[in-house]
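See structure below.
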Amino acid sequence: MADQLIRATAADGGIRAVGVITTRLTEEARQRHKLSYVATAALGRTMAAGLLMASSMKRAGSRVNVRVKGDGPLAGILVDAGLDGTVRGYVGNPHIELPPNARGKLDVGGAVGNGYLYVVRDIGYGYPYSSTVELVSGEIGDDVAHYLVTSEQTPSALMLGVFVGAGGVTAAGGLLVQVLPKAARDEALVAKLESRVGALSGFTPLLQAGKTLPEIFHDLLGDMGLTIFPESQILRFHCGCSFDRVLGALKMLGEAELQDMIVKDDGAEATCDFCGRVYQASSEHLTQLIVDLQTESSVSG
């Protein structure tokens, strides 16, 4: 099944639902960063959460940054997701592995530890909106749901899941169901929805059982006036890094540092944290940067 995002509404627009399948892009992240099992689960959940949050943004080019900063051995997570369906991300310690937790599951909470969740929404106007909440469990789903309730005042049910087998990621994705203000006062509706979400065994078991996103929506909201939007959105792992950006970053180091790199290393190597791509800048590239800096200095002087 292709990685995709599907939107739906129910209760005359009082309930908003978004589902994502992110199996392939999570596997790509695992391969790019050579992630351990628990690191794959942690990053995969956070990427799915980022895509779900970005889906509610309106302006083209809007993006959301999700940073999980905990005191656990994973050493943090950073994800950048866009309304356009692209996502990228990395963890601080990609090779960490822990024993299963008390439920026999990958111990994402133990890997993340205690700390904070930072969310920055950039809608393209130059004034990003940022918010911080304390981590509830470190399991990502609980933490993002807590953010949505406390920072956006929107009652939300969030399910995230990643299943990693011996051959890689076989199922990944998430589901976000939000009760909007027009329906939040209907206590019976909210209770009914909470009961149904709570009865689910998890998101990845549904995918492994062959359930599609529309079928999951029907199981949850089929008798609540469900409307599924016919257009699905393709999701993919994508990083906007480039050699030109690397040269721009190297140029900011200044003439003396660049000259030192030429003498000691005969060039420079840079690795993109988000996608793991390695860039090589030769001594000729660095020499040209020095020439550019000298030219700019003489012009400005």
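From the backbone N, Cα and C atoms, a Cβ is placed for every residue, glycine too.
If you look up Swiss-Prot, you'll see C239-C241, C272-C275 marked as disulfide bond, on the strength of sequence analysis.
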As a whole number of Å, the Cα atom of C241 (disulfide bond) is distant from the Cα atom of C272 (disulfide bond) by 7
Round to a whole number and give the Cα-to-Cα distance in Å for the pair C275 (disulfide bond) and C239 (disulfide bond). 6
Below 8 Å Cβ to Cβ and six or more residues apart, same chain only. Which residues does that give for C272 (disulfide bond)? C239, C241, V278, Y279
Students should find that the Cβ of C241 (disulfide bond) has, within 10 Å, a number of other Cβ atoms equal to 17
